[in-house]
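To start, the structure under review is shown below, and the notes come after it.
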Amino acid sequence: MKIGILSRNSKLYSTSRLVEAARERGHEPRVVDVLKCYMNITTNAPTVRYRSSGVSEELQFDAVIPRIGASVTTYGCAVLRQFEVSGVYSINESIAITRSRDKLRAHQLLARKGVGQPVTSYAHSADATNDLIESVNGAPLIVKVMASTHGNGVVLAETDKAAETLINAFRGLKADFLVQEFIKEAGGSDIRCFVIGDKVVAAMQRTAQPGEFRSNLHRGGSAQVVKLRPNERRLAVQAAQVMGLDLAGVDIIRSSHGPLVLEVNSSPGLKGIESATNKDIAGAIIDYIVKDVLNGPNKPKGKG
């Protein structure tokens with residue numbers, strides 16, 4: 001099977017592991033930089049072409065694995081959509097990726113389906129600042145920039161006054177942001193659930209460094225294998241399905257009123273989860289694709 005891996009850097013751990021796992025199983029993987037792709041949008045004959053080293057060629061794959069960075073979401077999803085209309089299978093569809101990348105939209109979709117998550121508020125008017133703070137039960141609270149990744153642009157406000165100052169500062173920078181309740185009892189830990197299809201294939205607990213509330217591994221957090229409770233497994237799978245994702249990293253947090261979803265990641269990294277659990281996650285992804293391709297082209301999943 002010819003498998004295209006849409007990634008801007010073939011040396012990244014996740015990308016190289018997918019290449020390795022595909023080759024081990026006798027497939028033909030190829031890493032493709034989406035920014036070097038261009039589309040021929042012709043009625044009844046849509047194609048994706050690739051220009052590298054001065055040579056242009058039509059790309060033909062049986063399946064693609066999107067590893068599209070947040071900074072190139074719009075163009076990357078346009079390329080992926082072109083593969084989709086050409087009948088190429090993708091483990092995650094472009095519409096599902098765009099749902100999950102829009103933090104506000106994702107929270108709205110999860111809320112509509114009854115998926116537990118921290119109380120979240122959003123407003124445009126400066127007149128609503130106090131209402132935002134009150135709606136999440138006051139400080140301490142989290143202010144999260146919509147475009148944040150790896151914990152960047154996520155700030156803890158310890159007091160209502162600090163929250164007001166922070167919100168006004170973000171407004172002054174024309175930043176789009178959410179205000180979210182702070183789950184103190186989580187103690188700076190969250191759980192990354194790695195979902196493939198309708199199963200959680202691995203999970204790790206991430207713990208923040210002392211004095212830090214963000215548990216992201218990119219910010220120096222530590223990771224260890226964790227045993228999930230049945231309701232946590234169900235929640236993670238449900239969250240991925242609401243987004244329409246067959247491959248997802250679902251971040252959940254343990255609160256006094258049950259597990260809550262923090263975020264659904266459509267392009268979860270493999271290094272942390274494979275290191276913590278000692279599982280061949282890359283191989284599980286390839287195995288799932290091979291099995292799912294037999295079911296035919298993608299059918300849109302999720303709504304909204």
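Cβ atoms here come from the backbone N, Cα and C positions, even for glycine.
On a predicted model such as this, the values are computed, not experimentally measured, just so you know.
These features come from Swiss-Prot:
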| type | residues | note |
| --- | --- | --- |
| BINDING | Lys144, Glu181, Phe182, Asp190, Arg214, Ser215, Asn216 | ATP binding site |
| BINDING | Asp251, Glu263 | Mg(2+) 1 binding site |
| BINDING | Asp251, Glu263 | Mn(2+) 1 binding site |
| BINDING | Glu263, Asn265 | Mn(2+) 2 binding site |
| BINDING | Glu263, Asn265 | Mg(2+) 2 binding site |
| DOMAIN | 107-290 | domain 'ATP-grasp' |
Which same-chain residues, if any, lie at least 6 apart from Glu263 (Mg(2+) 1 binding site) yet have Cβ under 8 Å of it: Lys103, Ala106, Val250, Asp251
Rounded to the nearest Å - Cα separation of Asp190 (ATP binding site) and Asn265 (Mn(2+) 2 binding site): 14
For the binding-site residues Phe182, Asp190, Asp251, the one whose C-beta sees the most other C-beta atoms within 10 angstroms: Asp190
Three-class DSSP secondary structure - Phe182 (ATP binding site): coil
Distance [Cα-Cα, Å, rounded] between Asn265 (Mn(2+) 2 binding site) and Glu181 (ATP binding site): 20
Average pLDDT across the domain 'ATP-grasp' (107-290), rounded to a whole number: 94
Number of Cβ atoms other than its own within 10 Å, given for Lys144 (ATP binding site): 20
